[in-house]
C-alpha cells in the first residue's frame, strides 16, 4: 500500500492497488512476462486460431486471414521485387547443374543454350498467365483452383502440390547442406576427416549431417517470415548470389586462360536422335519450374498492381539463361584446370586452396539454395496447410510444419542415396502438375475470359460447387492426360521395362501433358459449357455483386448512406429497408 495516503483520491488508489495485487497473475504482469502453463499446450482452445473474420466463407473454420483476399495495404510487391525473386531462385547451383545435364545428352553448348532459352520462354508464359490470377484477384492458388476444379476437388490439386513440396523442401535443404559443409570445412579443416559414426546404409556421413543441421537451423527462422515481407530477403540473397556467381566465373576464366574444352566440342548426335535431344533439353529446362508455375498466385497475390507480375515474362528467360550459361563456362574452365568435368560448381569450390574464397562463395550459393527452397517449396506448402486446416493453421504455422516434416521426416539423405529411382519419380511427377497448370490457365483465360466471382470461390454452396463440389471436366482431363505418360515414367525409373518408341513420347512429358490437359479440358468445356459458373463481369466483393444485379437499388442504398452520414437522415433509416445480400461471416 501507499503509506502516505491522506486524500480521498489517494485512498481510492490504495483500494485499487490492493484489488489488483491480489490477482493471481499480478507479479507476472508487473515483471513484464506471462506465466508459462504447459498444460494449455494440450488443449484445443490453445491452438485455435484467433484471427479476424474471413470475408466470404460460409462456414466457421473454412478460411482465415492468410487464405482470404489480400487487403489493399498488404499489396506491396512491385515489379523489381519479382526480379529479385527470380534472381534469388535462378542464381543457384541447381540452375548451373541443369545446363550440364542438357550438354550431357550429346548437344553442343550452343544447342544446349538454345534449348534452355526456348524452355524458359515457354515456362515464363505459363508462370505469367497463371500468376495473373493472383495479381488481379489477390487470391492464393488453393482458392483460384476452385474455379476450374470445383470447391472440393481443388483439395486434390492442393494435396498433390503439398506432398511434392515437402519432399523437395528436404532435398533442397540437403543440397544447401553441401554448400554449408564447404563453409564449415573452410573454418575447421579437420572436419574433412571427421570420423563417421552413421551407418553407410543411411546415405549420409557425420560431417554432412552436422552441416545439414546447421543449414536447417539457419533456414528455420527465415521460412517463418510472412510472404508479403519476404521480398527483402529475396533482395539480399539475390545480390549475394549474383556477386558470387560472377566472381566464380571470373576466377574460372582467368585461371583456365579461356573458356575451356567444352566450347570446342560439337554435338555428337545426328538426325532424329539429335532432334529428340533438343526436345528433351527443352523439357528439362521447363520441368524444374513447374512447381513455381502452379503456385505462383501465392506470390503474385501481393502485387501492387496487376502489371507488376507481367514482368516475369522477361525476368525468367533472362535470369535462367544467363546463369545456365555461366554454369557451362565454369564447368568447362574447371575441366581445363582440374582435368575433370564438374557440372556441380560446389565440387570445384571444394578444391580451392583459398579457404576464405571457398567460404564466401559457398555461403552465397547456400543462401541462393535457401531462397529457392523458400519460394518453390516452403511458401507453397505453408499456403497449402493454411488452406487444408484454416481453423488451426495459418502460413506461419504451416511453415513450421513444413520445416519439420520436410526437413526431417522425409529423410532427404535417403532419397538422394536411393540411386535414381525415387528422384526420377519425383521429377516425373510433373505429369500430374503440368495438366493442372494447363487446366487453370485455359479455364481462366479462354473459358471464363478472366472473369471470376471471387466471393463465390469461398462458398461451398456457391456457383463453383459444380456437381458435389467437383468439376467432372477437370477429372476426365486428368484421367486421360496423366496415364498416357505413365509408361514413360516407369521406363525412366527402370530401363529394363521395354516400351519401344513410346519412350520418345516421355522425353517431351511436360509439353505433351500440358498440351493434352489444355486440349481435352477446352474441348469438354466447349461441348458441355459450365454455364452456371460463368459471370458477365468480374465480381471482387459482395457489394459489386449487388451493384451488378440491381444497379438502381445499389445507387439508392449509397444515396441513403451519403445522406445519413451528412445528417440528413436518421442513422437507423439508412439500412432499415436494405436488400443488400447477407453473407455469413466467420
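Numbers here mean position along the shown chain, with the first residue as 1.
Cβ from N, Cα, C; glycine included.
Automatic prediction, not curation, is the source of TrEMBL annotations.
Quick look at what TrEMBL lists:
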COMPBIAS  555-565  compositional bias 'Basic and acidic residues'
COMPBIAS  571-580  compositional bias 'Polar residues'
REGION    544-586  region 'Disordered'
TRANSMEM  115-133  transmembrane segment
TRANSMEM  139-159  transmembrane segment
TRANSMEM  166-189  transmembrane segment
TRANSMEM  209-225  transmembrane segment
TRANSMEM  232-253  transmembrane segment
TRANSMEM  273-292  transmembrane segment
TRANSMEM  313-334  transmembrane segment
TRANSMEM  354-374  transmembrane segment
TRANSMEM  395-415  transmembrane segment
TRANSMEM  427-447  transmembrane segment
The transmembrane segment (354-374) in contact with the transmembrane segment (166-189), cutoff 8 A, at least 3 CB pairs, sep 6+: yes
Which of 139-159, 166-189, 209-225, 427-447 contacts the transmembrane segment (395-415) most, counting Cβ pairs under 8 Å: 166-189
Stretch-level contact, the transmembrane segment (313-334) and the transmembrane segment (139-159), CB cutoff 8 A, at least 3 pairs: no
For the transmembrane segment (273-292), distant same-chain residues with Cβ under 8 A (at least six beyond the ends): 89, 94, 98, 101-102, 105-107, 111-112, 114-116, 118-120, 122-123, 127, 161, 164-165, 168, 267, 316, 320, 324, 375-377, 380, 427, 430, 433-434, 437, 504, 507-511
Region pair the transmembrane segment (115-133) / the transmembrane segment (427-447), three or more CB pairs under 8 Å: yes
Intrachain residues whose Cβ lies under 8 Å of the transmembrane segment (139-159), provided they are six or more past its termini: 67, 69-70, 133, 294-298, 301, 380, 383-384, 387-388, 436, 439-440, 443-444, 448, 452, 454, 457-460, 462, 464-471, 474-475, 521, 533
